[in-house]
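As recorded in TrEMBL:
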- 105, 106, 107, 108, 109, 110, 111, 112: ATP binding site (BINDING)
- 276-330: domain 'Torsin-1A C-terminal' (DOMAIN)
- 1-19: signal peptide (SIGNAL)
């Protein structure tokens, strides 16, 4: 219908402009062509200027790697796994299933930050990012346990509708440790190995779960390595991922308690976010000073980082809040 209307429009334009000189007619025709391209939902011109969903089958991995390396501190394991996972999904013309990642670690270690960097690199403009990146807060969107059945239906409809409109949709679920039991299992059909479900293809969608559950186990392992004089960089990823899947499956406060998503191996990557040490908090403070437009002050950086490094009580090796309160501490200290 749109193409037929366009054809009629371009046929009629010359007949409607007999009094115009050739230059004016050419300008009018050119303007009409540009207008039609901008009005068309998936035109090459509109997508090149404004970003469309169907243009996001590639990702600039050098840029996203630079963003992660420059902005995220102390999370070499998480960065490696995230880049590997995104690369495998993006390089497949038709992935067999959606990419499903579960981020685990203490608060302030960078889980939300990494998910936002992924979203920003997937859709670099704010308008398409608001259309194709969907954030769910358990406290905000699923606050009442008695409404869990209704939430399940709403969640299924929301995902189905948005993936229908944009196969390369990104769904981020925060506060998974407060998710009502069984709610997340309602999206299980969309995460499996299906060619299509009711005519909708889900293989290009990306799902990210943010979870504080498992953070204590990650910290325990990191602390054991430190006490054994081993580097945190040498912690084996496979060991952590295996322990995480077992931990959150048994943990009533994980959002994945006895979840079918784990039983059926639908979560592709359990990604550990290590606790942040003094040196990492220093990096956070230094970056925050830059963001707030202040000069570097080594004494202030050391003061804030030392005050935040509080766990365990004897060694004071890690920040129990990560870098969560760095921005407010910097603002109060200037």
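Glycine residues also receive a Cβ, built from the backbone N, Cα and C atoms like all the rest.
What you see is a predicted model, and the numbers here were worked out from it, not measured in a lab.
Here the features listed in TrEMBL are placed on the structure.
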residue : record           : Cβ contacts under 8 Å, 6 or more apart
105     : ATP binding site : 78, 111, 212, 214, 215, 218, 272, 273, 274, 275, 322
106     : ATP binding site : 212, 215, 216, 218, 219, 273, 275, 320, 321, 322
107     : ATP binding site : 212, 215, 321, 322, 324
108     : ATP binding site : 276, 319, 321, 322, 323, 324, 325
109     : ATP binding site : 74, 75, 215, 273, 274, 275, 276, 322, 323
110     : ATP binding site : 72, 73, 74, 75, 78, 273, 322, 323
112     : ATP binding site : 174, 210
*asked:* What does the DSSP secondary structure composition of the domain 'Torsin-1A C-terminal' (276-330) look like, as residue counts for helix, strand and coil?
replied: 30 helix, 5 strand, 20 coil
*ATP site, defined by 105, 106, 107, 108, 109, 110, 111, 112: further same-chain residues with Cβ within 8 Å of the Cβ centre*: 103, 113, 212, 215, 273, 322, 324
*Specify the count of other C-beta atoms within 10 Å of the C-beta of residue 111 (ATP binding site).*
28
